[in-house]
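First comes the structure, then the notes that go with it.
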Amino acid sequence: NPCNLLSSSYCLNGGTCVPSNTDPPIASCLCSEVFAGLNCNSTQQSNPCTSNPCQTNGYCALSTSKTSYSCICQPNYIGDQCERTNPCISSPCLNQGICQGYWNTTNTWYICRCIGTYAGTYCETSLLNPCGGLCMHGSPCVNGTCVCPAQYTGTYCGFNNPCYNPICRNGGFCSVNLNSTSVSFTCTCQSSFTGQYCETQISPSLIAICLSQCNNGGTCVSGVCVCTSQYIGPLCQYTNPCLNNNSCLNGGTCFGQYYLNGTLYTKCFCSQGYTGTLCE
């Protein structure tokens, strides 16, 4: 063994002397990870992939300089170190759209890159037939939205409009409540009435009782003033604030209201497809 003929300090920095398999054998040094050279006398750069930064979810690829790395992740993972579940696993993109996962320090998300004549968050909308041919009861498709006849409502006009026939009494306003499987309505009552259909008069002790003194063309009915559209109030004494301040957008209907202290305000009831305080 040629190593027996050499000094114990021949291999430096913790290196081990090993004989070769040649004939005759030659002594060489097997160096520890951070050293190199004939006698392990020089320092070499450490391999950044040695610590397994990509875990078991990806492959660690060294840069050309071998001083840095990047993780090539398996399909179900993303992240700098393949530490995050890929949000595209569920294949959310339709019509052959390409799902691309993204991340930051706190969140992961995806974006669908649509192909050809499709668009939308999930590539669900055909630009050639943007409503998908799903509009019912002869409803036209306008800018990707089914425009329903007055007697129908819903995303595809599949529900009967519960507000089509007037059901809210005593000047109440009917608004439609929709979800994916059902439709209902809500009556918003004039200040003098309450109940599902605004059918119940509020206790006369809480409002002014009219005899014949309703103002501005109002009519006294069962002790309560029923006002024209231009006026509101227990005696129709207030000008409807919607006349001078109709800020409802996109076809929304302005509904004048008042508090018992005389403060006036407006409320917007939105057309189908719009929401918000001003239907914006």
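Cβ atoms are placed via backbone N, Cα and C, with glycine included.
Taken through DSSP, the domain 'EGF-like' (1-41) splits into 4 helix, 10 strand, 27 coil. Annotation comment: TrEMBL describes 1-41 (among others) as domain 'EGF-like'.
If you look up TrEMBL, you'll see Cys31-Cys40 (among others) marked as disulfide bond. Long-range Cβ contacts of Cys40 (disulfide bond) within its own chain (separation 6+, distance under 8 Å): Cys11, Leu12, Asn13, Gly14, Gly15, Cys29, Cys31, Ser32.
Here the domain 'EGF-like' (45-83) has Cβ contacts under 8 Å with residues 33-34, 89, 101-103, 108 of the same chain, all six or more residues outside its ends. Annotation source TrEMBL lists domain 'EGF-like' at 45-83 (among others).
There are 21 other Cβ atoms within 10 Å of the Cβ belonging to Cys71 (disulfide bond). Marked as disulfide bond by TrEMBL: Cys54-Cys71 (among others).
What TrEMBL lists as disulfide bond is Cys73-Cys82 (among others). Taking the Cβ of Cys82 (disulfide bond) as reference, residues of its chain lying under 8 Å away and at least six apart in sequence are, in sequence order, Cys54, Gln55, Asn57, Gly58, Cys71, Cys73, Gln74.
If you look up TrEMBL, you'll see 84-124 (among others) marked as domain 'EGF-like'. Beyond the ends of the domain 'EGF-like' (84-124), by six or more residues, the same chain brings 73, 75-78, 132 to within a C-beta distance below 8 angstroms of the stretch.
The disulfide bond annotation in TrEMBL covers Cys114-Cys123 (among others). Within 10 Å of the C-beta atom of Cys123 (disulfide bond) sit 21 other C-beta atoms, taking all shown protein chains into account.
Mean per-residue pLDDT, taken over the domain 'EGF-like' (159-199), amounts to 85. Taken from TrEMBL, the feature domain 'EGF-like' covers 159-199 (among others).
Non-local neighbourhood of Cys189 (disulfide bond): Cys168, Asn170, Gly171, Gly172, Gly195, Cys198, each in the same chain, at least six residues away, with C-beta under 8 Å from its C-beta. The annotation disulfide bond is assigned in TrEMBL to Cys189-Cys198 (among others).
Annotated domain 'EGF-like' per TrEMBL: 238-280 (among others), in sequence order.
According to TrEMBL, the feature disulfide bond maps to Cys270-Cys279 (among others). Within 10 Å of the Cβ of Cys279 (disulfide bond) there are 19 other Cβ atoms, across all protein chains.
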In sequence order, which residues at least six apart in the same chain have a CB under 8 Å from the CB of Cys270 (disulfide bond)? Cys248, Asn250, Gly251, Gly252, Gly276, Cys279
Tell me, by DSSP, whether Cys198 (disulfide bond) is helix, strand or coil? coil
Quick check: in three-state DSSP terms, what is Cys71 (disulfide bond)? strand
By DSSP, what is the split of the domain 'EGF-like' (45-83) into helix, strand and coil residues? 0 helix, 12 strand, 27 coil
